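Noted in TrEMBL for the protein shown:
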DOMAIN    12-65  domain 'C6H2-type'
BINDING   His218, His316  protein binding site
BINDING   Asp235, Asp246, Glu373  Zn(2+) 3 binding site
BINDING   Asp246, His309, Glu342, Glu373  Zn(2+) 4 binding site
Amino acid sequence: MVGGSDTVEATTLSCAKCGKPAHLQCPKCVELKLPREGAAFCTQDCFKASWSSHKSVHSKSISSSALVNPGEQNAASPNDGWLYCLRKGQSRSPKLPHFEWTGPLRPYPISHRRPIPAHIDQPDWALDGIPKIEPNSDLQHHVEIKAPDQIEKMRETCRIAREVLDAAARVIRPGITTDEIDAVVHEATISAGGYPSPLNYHFFPKSCCTSVNEVICHGIPDARKLEDGDIVNVDVTVYYKGVHGDLNETFFVGKVDEASQRLVQCTYECLEKAIAVVKPGVRFREIGEIINRHASMSGLSVVKSYCGHGIGELFHCAPNIPHYARNKAVGVMKAGQTFTIEPMINAGVWRDRMWPDGWTAVTADGKCSAQFEHTLLVTDTGVEVLTARLPTSPNVFPWLNP
């Protein structure tokens, strides 16, 4: 189908070509917000066969749109000010941006930035979107060994981050929007006395990342409702007592197909196998070898554009932790280091593309991607998972059941 396809309600729509139940919709009609009747098709073959006549609908709509106020077309509800995000969060538009979408998912309008109470301690980017200390810190070049008091703050912050992610996990279901998930994350974070680290970090407009289906990472919570069969990653980072705690998990929405189940479980296993080797003396580059080996055995691929990172008083710092094989990560693990491992595993090719919002990374072939992440502390004898699941964490992963 030209430009991708959007799922529609097959029970109420018929194919414009043959009259059979329709499962696809013309993406240009979706962009122009034209009526779904007459724009639905049962297969790509029917769509292609109808294209020469169907495309005239688009030109007629564009011509008539010149008679209405600029910006009305594709605008969200005028009463709530919802708009599409552009330029890494620095601008908004009432219109869906033009892009060669790689899969069926599309961005939806986003809501206003959520406020932070005055009593919450905020990182230096909270007001103007620009980190000041992080980019020029010496910790971008050497890996910090945390002092005992820093480690204790990290434990406390990471536990809050875990509880926030668990709160998000409990509300995931078909019909909820990712913006509503963001609201849960935001409220749970500030209720614990923390600041949601992603909010306004390099102008990121929301308090967490929600990455659905073909989105690899950094998806922006928006007005799209989750659908039965989706997978969604929720990435949470909390800033509390001057340090950050970072984790994410990929969740099933309703009944998910077997391929997506295998992808998510394999990604979880990739992280677990990588964590199992963390201890003093292990080279950082070994993490990618372990993850790549397990993913490849399942016929999956490992994203190369994004990696794990050091964390503490800075959101992102040394070391870089690539998740793919034959990487050139420098250094060895030492007791007192804290960093994340967060493999992103794709069902198809490893390559990615960036949406016009400047944040959302998607698979180049439109196939699904999954991710899991923990913040880790290297100990004298091995590793402590600072963001580990709690006895109260929701039971959402079938493979963890006895």
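Backbone N, Cα and C define each Cβ position, glycine as well.
On a Cα basis, His309 (Zn(2+) 4 binding site) lies 15 Å away from His218 (protein binding site). Straight-line distance linking the Cα atoms of Glu342 (Zn(2+) 4 binding site) and Glu373 (Zn(2+) 3 binding site), rounded to a whole number, equals 4 Å. On the backbone, the CA of Glu373 (Zn(2+) 3 binding site) and the CA of His316 (protein binding site) stand 14 Å apart. Each of Cys209, Val236, Thr237, Leu247, Asn248, Thr340, Glu342, Thr375 belongs to the same chain as Asp235, Asp246, Glu373, is absent from that list, and has a C-beta within 8 angstroms of the C-beta centroid marking the Zn(2+) 3 site. Across all of the domain 'C6H2-type' (12-65), the predicted model scores a mean pLDDT of 67. Asp246 (Zn(2+) 3 binding site) sits 10 Å from His309 (Zn(2+) 4 binding site), counting Cα to Cα. Report note: the Zn(2+) 4 site is defined by Asp246, His309, Glu342, Glu373, and the residues of the same chain whose CB lies within 8 Å of the CB centroid of those residues, excluding them, are Asp235, Leu247, Asn248, Gly308, Ile311, Phe339, Thr340, Ile341, His374, Thr375.
Straight-line distance linking the Cα atoms of His316 (protein binding site) and His309 (Zn(2+) 4 binding site), rounded to a whole number, equals 6 Å. His309 (Zn(2+) 4 binding site) sits 14 Å from Asp235 (Zn(2+) 3 binding site), taking the C-alpha atoms as the reference points. Counting every protein chain shown, the number of other Cβ atoms lying within 10 Å of the Cβ of Glu373 (Zn(2+) 3 binding site) is 24. Shown are the binding-site residues Asp235, Asp246, Glu342; of these, the residue with the fewest other Cβ atoms within 10 Å is Asp235.
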